[in-house]
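Okay, so here's the structure we're looking at.
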Amino acid sequence: MSLLDVLQRMFGSVALGIRDVFVGAVKAYKMEGEIIHVTPAKKTPERISELARRRAERDRHKEPKETSSISKMGIRYRILRSWLWNGGVCLLSLLLFYNLLLPCLAWMFDAAASSDDDHIWNQLVFVLGFVFQSCWVMPLLSLSRLVNLLWFQDIADAAYIKLRGKPQLPSFSLIIADLAFGFILQMFFSIQTTLFSIVPVARLGEIIALFHMGVQYGLYAFEYKWFNMGIEPHVRVHVVENNWPYYLGFGLPLALLTSCFTSYGVRYFVSALLYPVLIVSANETEEPKQPL
């Protein structure tokens, strides 16, 4: 196989991954929200007492409410709940602080102080930023990581049940191995991304780090499906190694979007805002099986 054929297949796999993200997003939007349908059990006609008849009549009036509350817990509801938390609470609070509160305080300070007080204002901005980071951003990031860990798994399970059926129950050893694998992989990707970002060549390090983040996002999106399928961690690594351009394309749109922000908190909440769509898209699509 010539170099041109390899490059064509590589770029084709990247384009396929990008396409599958948007196709999966459209399917996620159109997906029926109801996962569980509760059908009341029909009672056989028999002679019942007046007390039993009243009890049956009372239970019959309660059934629509119970069915409604269960049907709300669909995929779209789970994604909307994640959006409201990560975007409506977390991300919005950061944007309001940096883009509204600080500019308003700066305008008020400039109106009340002289031009010689710029040093005081710079110190005040540093103190306000430190207090905001310590008392709000860091606790919010810690809480959000825990909440998203549970909610992303919930979204992945709901999408898997809707599209593929009942997940395979993993063994205890597989759960421990999966947790250890995820921790080591995250540390490995973080170290590599940091090293690539400081390559002393203009823009080359940033581009390599961006591609690296794209592969990372793509891998994390498919991991939920692979876990529910019972695929072991070392097999997942082998799959990604053989078809890394596809997973690069799958995670590249999110990597490009998050690279537009310099604040770590903003980048995290933007990625958390859109990550549920990648999870559902990964359950929708069938990744290529043939190695590159």
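The backbone N, Cα and C atoms fix where each Cβ goes, glycine too.
Whatever TrEMBL says is automated annotation, not expert-curated.
Copied over from TrEMBL, here are the features:
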COMPBIAS  47-66  compositional bias 'Basic and acidic residues'
REGION    47-67  region 'Disordered'
TRANSMEM  83-108  transmembrane segment
TRANSMEM  120-141  transmembrane segment
TRANSMEM  169-189  transmembrane segment
TRANSMEM  201-223  transmembrane segment
TRANSMEM  244-266  transmembrane segment
Segment proximity, the transmembrane segment (83-108) to the transmembrane segment (244-266), 3 or more C-beta pairs under 8 Å:
yes
Taking residues 6+ outside the transmembrane segment (201-223), which of them lie with a CB under 8 Å of any CB in it?
17, 182, 185, 189, 192-193, 236, 240, 244, 246-252, 254-256, 258-259, 271, 275, 278-279, 281-282, 287
